[in-house]
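Have a look at the structure below, then the notes.
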Ligand SMILES: Cc1cc2nc3c(=O)[nH]c(=O)nc-3n(C[C@H](O)[C@H](O)[C@H](O)COP(=O)(O)OP(=O)(O)OC[C@H]3O[C@@H](n4cnc5c(N)ncnc54)[C@H](O)[C@@H]3O)c2cc1C
Ligand SMILES: Nc1ncnc2c1ncn2[C@@H]1O[C@H](COP(=O)(O)O)[C@@H](O)[C@H]1O
């Protein structure tokens, strides 16, 4: 194994490890295959976690297929505080000098990664949709711009670590061969000036009674072309005919308050989904939305405008009034 | 309460579908796409105006952009901001978020030194074009201010100038409620408010408001930290992702279409539950 270290931030969600860690680890393992080809030896894969973890969670990290688990703990780290967390992680980086550092672009990751970029004077790429090494060994980070219409390659050639955040749901989890990672404890030294600038008062978790869109196998998605509140309900009724289904939305549907669950918005600032079946109605096909569904297996779109952009990215095109088509569809589903 | 707001002119995000890459030059072609004030930055301006209505003080807008950025700054002044600073120089061009943040920080520091210091810097959470969302955190780090991103609500209680603000941050499954001590940098999302429209009176008044332009010389920055040179990330090739699909049209009456659709859905192995109601 080479001296190079690939750090992966393992988000600690109330003592449990966020799924995004496993997505990033799967990608890091794939990167390591190429790195081995290039350098003759793989890099060390290292999970980095901040705050106390339950025993089960720590075990799930230790057995995730990583080589090392850095567990950063301190009494000031029991509650999330971005200033303290980024300082603690920066101290570990100064000591261990990682080559690459991967974060999920979650609320936490998008705060920690750029802060770390300043503390370590290095580059950070955001919301990557792919990561790879080219044949010269350069680490290429594919970053979407203009809502995903354009992808740009980003390189961080001169400074380390090369920090990248990756949108959750982009990489698929693959189980790595289990091995027992070495756990290394790290205690940062934190002075009081960092400690009390920001205080987490409360966490308001939204109870949801429906399946999260990112886990759904069938998504019925509505856009601005659904027209009004009452029309929206047909989406729910149709979703009921499918197992593991969820109703998704575009930004304007949220703005109009046809749904109040912002966790169901799909796209650049929402979720990335990969259902077997996606049925979208009254959606124009703005790249901001489309880039969130590009991994869907089968896309059906209904739009009254036969030239709508959404049709270019659809398997099935239906030109017509969303409500009329969906109502006929619902009536047909009743007969099943 | 003195508030700085970071505002970026961006190509109108409603028209990103018409952006293409020239196959010869490999350059971006965005001709015909108008420039607007970044949507969440307008929300940052609105949030600043609300705080000013409550606590008084002054709002200064900062934009790092080519000279034509002036027009967008005038729009924001017309919304009610008091002063504008256009940070503009060829040498600032090609900056990544680290170099952009550094340059904006130099401008904020210069303005603070010339008049009063800032209690709060507001920014949009992300720009529509690059959308990294890095700038608020990086500006906060470099100023040595407390900073938070993805803020959907700001609560400012009491009468006098507050020492801290209660803010709500959007997270994956809900919201974090933080108390953040001032001075601070806060990045706000579009959920926070609906920005006001500009009035004709606002447009007239805007013309008389202080407007500074800072070039490289004015900021006397560390040259190794600005522009392309000062950017640790470098841009490689650009390409458009291939999202195209076969787009097979189903036609006929709604009933015929529904019949065919059910067939297609079954063909890809998705089961339809009888009677509905089987959703988790
Ligand atoms: C920084 C940024 C981030 C963004 N992130 C996201 C994101 O994550 N997700 C997202 O969705 N959006 C996002 N947006 C917004 C995005 O740019 C588009 O505005 C949005 O996706 C458009 O939604 P829509 O297709 O529902 O509405 P519209 O674009 O208004 O399209 C409505 C469509 O419905 C059709 N229609 C109208 N009436 C009918 C009818 N009766 N029957 C059938 N069809 C009908 C019309 O022909 C039209 O094509 C973002 C924007 C910005 C600036
Ligand atoms: N060139 C700029 N000039 C002024 N503000 C900027 C600039 N770039 C970014 N910002 C601010 O930082 C926010 C986040 O931008 P970004 O990190 O590019 O996604 C934007 O919404 C703006 O408020």
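Numbers here mean position along the shown chain, with the first residue as 1.
The backbone N, Cα and C atoms fix where each Cβ goes, glycine too.
Lifted from TrEMBL, the feature list:
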type	residues	note
BINDING	A:250, A:251, A:282, A:283, A:284, A:285, A:286, A:287, A:288, A:289, A:303	FAD binding site
DOMAIN	A:6-202	domain 'Electron transfer flavoprotein alpha/beta-subunit N-terminal'
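Positions of TrEMBL features highlighted on the structure.
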residue: A:250; record: FAD binding site; Cβ contacts under 8 Å, 6 or more apart: A:221, A:222, A:223, A:224, A:265, A:266, A:267, A:283, A:286, A:289
residue: A:282; record: FAD binding site; Cβ contacts under 8 Å, 6 or more apart: A:222, A:223, A:224, A:225, A:226, A:227, A:302, A:303, A:304, A:322
residue: A:284; record: FAD binding site; Cβ contacts under 8 Å, 6 or more apart: A:223, A:224, A:225, A:303, A:305, A:308, A:309, A:310
residue: A:288; record: FAD binding site; Cβ contacts under 8 Å, 6 or more apart: A:147, A:148, A:251, A:267, A:268, A:269
Chain B neighbours, filtered from binding-site residues A:282, A:286, A:288, A:303, Cβ-Cβ distance under 8 Å: A:286, A:288
Cβ neighbour count (within 10 Å, all chains shown) around residue A:286 (FAD binding site): 24
DSSP three-state assignment for residue A:282 (FAD binding site): coil
Number of other Cβ atoms within 10 Å of the Cβ of residue A:303 (FAD binding site) across all protein chains: 26
Structural state of residue A:288 (FAD binding site), classified by DSSP into three states: helix
Annotated FAD contacts A:250, A:251, A:282, A:283, A:284, A:285, A:286, A:287, A:288, A:289, A:303, maximal Cα-Cα distance (Å, integer): 17
